[in-house]
Ligand code: SAM
Ligand code: SF4
């Protein structure tokens with residue numbers, strides 16, 4: 001799932017589908033070629049940029065054609081069953097390529113590594129290396145062992161690794177917007193979720209390395225960074241300790257603690273011309289301090305991805321989200337009071353979690369009506385082996401019911417997206433141009449502060465420009481604007 005992509009209007013099938021990205025062709029004269037196919041969330045796509053950087057240092061250029069590759073990596077996702085099935089299908093296709101080219105090395109990286117290493121390496125023998133998300137520094141060793149015919153595996157989950165010193169190689173970049181990973185792992189134990197098991201304990205990355213990466217991107221023409229973490233509001237770092245659980249235990253001994261509000265401010269100060277976004281915010285952790293910091297800087301975008309998962313307090317309790325409906329609505333009220341009606345809010349929703357009744361499903365729809373989300377990423381519950389829910393609760397909602405409830409949630413979101421977009425009509429907004437629109441090279445596509453796509457005519461404007469526009473037309477998914485001013489002064 002792509003946390004950032006605007007998939008507000010989608011079918012039930014699309015809502016469960018898997019998005020993936022592949023490496024582009026790069027030829028800097030290196031001897032070997034690497035192909036990476038990455039599934040899942042933006043964190044995973046960012047990890048592939050770290051992997052590409054490590055492999056580049058070790059003699060690899062990237063390719064977009066797996067048949068040209070010496071090494072193929074599948075960077076995998078386990079978040080829903082569909083993601084795992086897709087990866088398995090893809091592996092069997094790569095196996096065919098290996099029949100014609102036996103020296104080809106095939107590796108499975110990321111979230112599926114730990115759970116499937118036995119099957120993939122020893123039983124089915126379909127891959128050469130299996131490497132978990134905290135062991136990418138070991139890739140060059142494992143690859144050379146594999147070239148000598150030895151299967152390589154490292155799924156060790158670290159308590160400290162943040163790859164802070166590795167400058168990611170930007171893959172699939174538009175040259176304007178980039179993602180910066182600020183933390184790894186997750187200490188929450190949402191009962192439906194595999195992330196704590198596949199990505200380990202929560203660690204925060206050195207804020208000075210984050211600011212240095214943001215500065216470097218800005219100096220190279222980028223105009224927007226998105227700070228990424230499973231729960232960014234929980235970010236907490238000190239020079240003595242970057243592991244959240246340990247840091248909290250040592251609270252008295254540590255100095256110069258940097259929290260998420262502090263980090264946001266440090267990145268916002270890089271330049272008023274560098275926009276700052278962040279994802280994901282957790283309703284239990286988002287503070288008024290963070291909201292006031294967002295308000296204080298024009299270049300921190302007024303958009304919060306605040307996944308609710310369910311609108312019913314009993315279901316939220318079963319999900320172990322550690323907040324209830326009232327708490328969530330109170331946080332939304334704080335956003336509205338501090339950042340105003342125009343701040344974009346989006347959510348993730350899970351339909352048909354264990355034992356969810358029809359009335360409880362209605363609570364999700366009614367909460368959506370109250371919050372009026374700009375868009376949402378919507379899924380039906382998919383039981384994941386090893387999670388708390390898989391151990392404790394029966395996955396007892398029939399698939400047809402899950403799909404019907406999801407369709408109702410999607411239809412509600414379509415109405416709300418349109419309703420929210422209509423509020424933008426005739427407004428003046430600042431957008432950052434990301435490139436041509438999907439439909440025509442006569443039109444450019446930008447985003448406003450609230451993360452909505454705005455389409456404008458392409459005359460006299462180019463990628464990377466800031467443009468002040470007036471919104472002239474809106475649909476459920478998109479805004480259309482006329483140009484008022486190109487590259488205004490931003491103080
Ligand atoms: N850390 C983020 C948070 O707490 O909101 C979410 C991370 S998760 C990669 C993205 C989304 O996938 C979740 O918010 C949830 O809606 C969905 N998801 C996770 N596990 C799921 C499951 N077992 N079945 C269906 N959807 C799931
Ligand atoms: Fe998963 Fe919950 Fe952590 Fe998000 S906060 S990654 S849903 S355990």
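From the backbone N, Cα and C atoms, a Cβ is placed for every residue, glycine too.
Note: TrEMBL annotation is automatic and uncurated.
Owing to the predicted nature of the structure, the values given are computational and were not obtained by experimental measurement.
Copied over from TrEMBL, here are the features:
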- 32-148: domain 'MTTase N-terminal' (DOMAIN)
- 41, 77, 111: [4Fe-4S] cluster 1 binding site (BINDING)
- 172-419: domain 'Radical SAM core' (DOMAIN)
- 186, 190, 193: [4Fe-4S] cluster 2 binding site (BINDING)
- 422-485: domain 'TRAM' (DOMAIN)
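On the structure: features taken from TrEMBL.
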{"residue": "111", "record": "[4Fe-4S] cluster 1 binding site", "Cβ contacts under 8 Å, 6 or more apart": "40, 44, 76, 77, 78, 79, 133, 194, 195, 198, 199"}
{"residue": "186", "record": "[4Fe-4S] cluster 2 binding site", "Cβ contacts under 8 Å, 6 or more apart": "193, 195, 196, 199, 202, 230, 231"}
{"residue": "190", "record": "[4Fe-4S] cluster 2 binding site", "Cβ contacts under 8 Å, 6 or more apart": "309, 319, 320, 321"}
Taking DSSP states H, G and I as helix and E and B as strand, how many residues of the domain 'MTTase N-terminal' (32-148) are helix, strand and coil?
63 helix, 26 strand, 28 coil
Averaged pLDDT score, the domain 'TRAM' (422-485):
96
Of 41, 77, 111, which binding-site residues come close to ligand 2, meaning Cβ under 6 Å from one of its atoms?
none
Beyond the site residues 186, 190, 193: chain residues whose C-beta lies within 8 Å of the centroid, for [4Fe-4S] cluster 2:
188, 189, 192, 194, 195, 196, 230
Determine the Cβ neighbour count for residue 41 ([4Fe-4S] cluster 1 binding site): the number of other Cβ atoms within 10 Å of its Cβ.
24
Counting other CB atoms within 10 A of each CB, which of the binding-site residues 77, 193 comes out lowest?
193
Tell me whether residue 190 ([4Fe-4S] cluster 2 binding site) sits in a helix, a strand or coil according to DSSP.
coil
